[in-house]
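Annotated active site, proton acceptor 2 per TrEMBL: E361, in sequence order. Taken from TrEMBL, the feature chloride binding site applies to Y203, R499. The feature Zn(2+) 2 binding site is assigned by TrEMBL to H360, H364, E388. The annotation Zn(2+) 1 binding site is assigned in TrEMBL to H360, H364, E388. As annotated by TrEMBL, disulfide bond applies to C131-C137, C329-C347, C515-C527. Among the features that TrEMBL reports, signal peptide is placed at 1-18.
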Amino acid sequence: MKAAYLVFLLVWCSLALAFDEAAEREATRLLTEYQEEAQKQYNKVSLVSWAYHTNITEHNKKIMEEASLAITEFQKEWYNKVKNYLDSDLSPETSRVMKMAFPVQLDQADAKNLTSILATMSTIYSTATVCLTPRKCVNLDPDLASIMASSRDHEKLNLIWEKWRTNVSRKIRPHYLQYMELVNKKARLNGYNDYGDELRMKYETKTFEEDVSKLYKELDPLYRLIHSYIRKKLRLVYPQIESRGLLPASVLGDMWGRFWTNIYPLVTPYPEKPDLDVTEAMKAQNYTVTRMFGMGEEFFTSMGLKALGESFWTLSMLERPKDGRSVTCHPTAWDFMDGRDYRIKMCAEINFDDLATIHHELGHIQYDMQYAHQPFTYRDGANDGFHEAIGELMSLSMSTPSHLVKVGLLEDATEDRELTINYLLRMALQSVTALPFHLVNDLWRWRAFRGEYLVQDYNTHYWKLKEQYLGVKAPVNRSSEDLDPPAIFHIANNYDMIRYFTRTILQFQFLEKLCEAAGHEGFLHTCDFYGSKKAGDLLG
Ligand SMILES: *[C@@H]1O[C@H](CO)[C@@H](O)[C@H](O)[C@H]1NC(C)=O
Ligand SMILES: *[C@@H]1O[C@H](CO)[C@@H](O)[C@H](O)[C@H]1NC(C)=O
Ligand SMILES: *[C@@H]1O[C@H](CO)[C@@H](O)[C@H](O)[C@H]1NC(C)=O
Ligand SMILES: *[C@@H]1O[C@H](CO)[C@@H](O)[C@H](O)[C@H]1NC(C)=O
Ligand SMILES: *[C@@H]1O[C@H](CO)[C@@H](O)[C@H](O)[C@H]1NC(C)=O
Ligand SMILES: [Zn+2]
């Protein structure tokens, strides 16, 4: 993919011939004016969106929808102001920024519909509960997540898996179908074939779909080896799993079978070695959520990277509020576009997984702070995969046995071969096994947006892909009323997932270069670049 990207840039630069200088000057002037105003507008909409996600009420939802419509209007006004320049002979750079900044907007009725649909799907997802008994209905975070992570009762896991989908994705389904129509419509207004085409073009290469499938072909043999190892181990716990069969999606450690780290205790190659999930050590040392974030920040500053500002600590939502209000717990990092205000929204708990997630989210914030001096339109990752890779890279380094020893969460055992094997497997459960998961979620969406499937067969095709690529099946029968893809945050909330596929590739490429800069010798998996100013400079 990297190569394809380079080729694209070369072709594009060689086209930089003559352009209309008067148009270029005027377009540049308008862009500058737009960027200043846009920054203020997007700051406003982010603030009300934050207010909603940290306090879900009808009132806050309405205000968020209004602000979102105001942005559509703002963008439309600007589109009309600049539209004569969009097709002028501008320099390639100005032309690219103009196209990024001024997409064609839906008309008012459609825009209103889409805004309301997005808010509704988000609310259904974030407020859903599953009733364990008629009187005890619990949220995903922390209760359901914790059961999916630690229960080994197949029936119970299946039941919760099914109820979540009955109460979330089945309810989202009618809205999702309308959403698909509207985002496709908007994509076509902008010259794309469909919404999947638009999402893929964020990577600025027409061969993106082929590129990722080629990449996956290279990685598939490794996935298959890990899959059969995991299946053999899981059969000891769940005898129902057939020796050459598919894995039920409910027994993989979370609500979706996305990250498998929670089943690490069941599949540890050398279980007698010290536990690399250092949750117990964190609890014994009275870790707090604030301390976990402090550790994360210190990882960045040890490399000479930027520290968090005062307002991060006062304005972020780091834990689930104790006053009973509904919030969106799914961890997200926020850039309020004013160069000062950066926040994280998360319902962190004291455990090792969340410590890794904190490093991940802080990676987004670090990236946001690093590009704060750029013009508004450029304040984003080179692509979404880059953005996702940064924090994941920090989590990798942080969770190496040598780093855990350094911070006093593991006894000294860094040179041990068996512990190393344990570590590598655990790392694979966070990265390698998630590759086909993320790929399939977007393969399905790309094909659905393209109109390759009949609506009534959507869910059947989804499970066909899961079986084919992941060797994972639905643990209970599905009906024509089900639409399982939006049972996960990203799909219900209009985020692509291929970014987590590309980031996994990028993250190891970044790791290699940072470790080289840090003067690391030996295997890559033993590298901890904590404290390396040279690695920090390079990453910055
Ligand atoms: C949540 O929002 C409502 C408005 O819908 C407001 O009255 C309330 O004070 C907010 N709660 C908090 C804790 O901010
Ligand atoms: C579905 O979620 C709603 C909203 O939280 C809740 O009232 C209802 O009891 C849930 N239903 C089931 C079957 O869990
Ligand atoms: C938009 O909203 C209207 C009225 O609420 C509805 O009838 C229509 O089907 C919606 N969906 C699309 C895709 O336009
Ligand atoms: C953690 O807290 C407990 C109870 O407050 C206390 O007994 C213990 O000494 C503390 N441990 C550490 C490592 O601070
Ligand atoms: C699930 O579907 C299969 C095949 O259609 C059927 O044989 C089986 O009885 C169903 N199981 C349940 C629990 O409905
Ligand atoms: Zn992320």
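Residue positions begin at 1 at the first shown residue.
Glycine is treated like the rest: Cβ placed from N, Cα and C.
Curation does not apply to TrEMBL; its annotations are automatic.
C515 (disulfide bond) counts 22 other C-beta atoms within 10 Å of its own C-beta, drawing on all protein chains shown. Cβ neighbours of R499 (chloride binding site) (same chain, under 8 Å, six or more residues apart in sequence): N383, D384, G385, H387, E388, H438. Not a single one of the recorded positions among C137, Y203, C329, C347, C515 has a C-beta coming within less than 6 Å of an atom of ligand 6. Take the mean position of the Cβ atoms of H360, H364, E388, the recorded Zn(2+) 2 site; other residues of that chain with a Cβ within 8 Å of it are A333, E361, G363, H387, A389, I390, G391, E392, R503. In the three-state DSSP scheme, C131 (disulfide bond) is classed as strand. Ranked by Cα separation from C515 (disulfide bond), the recorded positions Y203, H360, E361, H364 are led by H360. Among the recorded positions C131, C137, H360, the residues whose Cβ sits under 6 Å from any atom of ligand 2 are C131, C137. Of C131, Y203, C347, all annotated as recorded positions, the residue with the shortest Cα distance to E361 (active site, proton acceptor 2) is C347. In terms of local Cβ density within 10 Å, C527 ranks first among the disulfide-bonded residues C131, C137, C329, C527.
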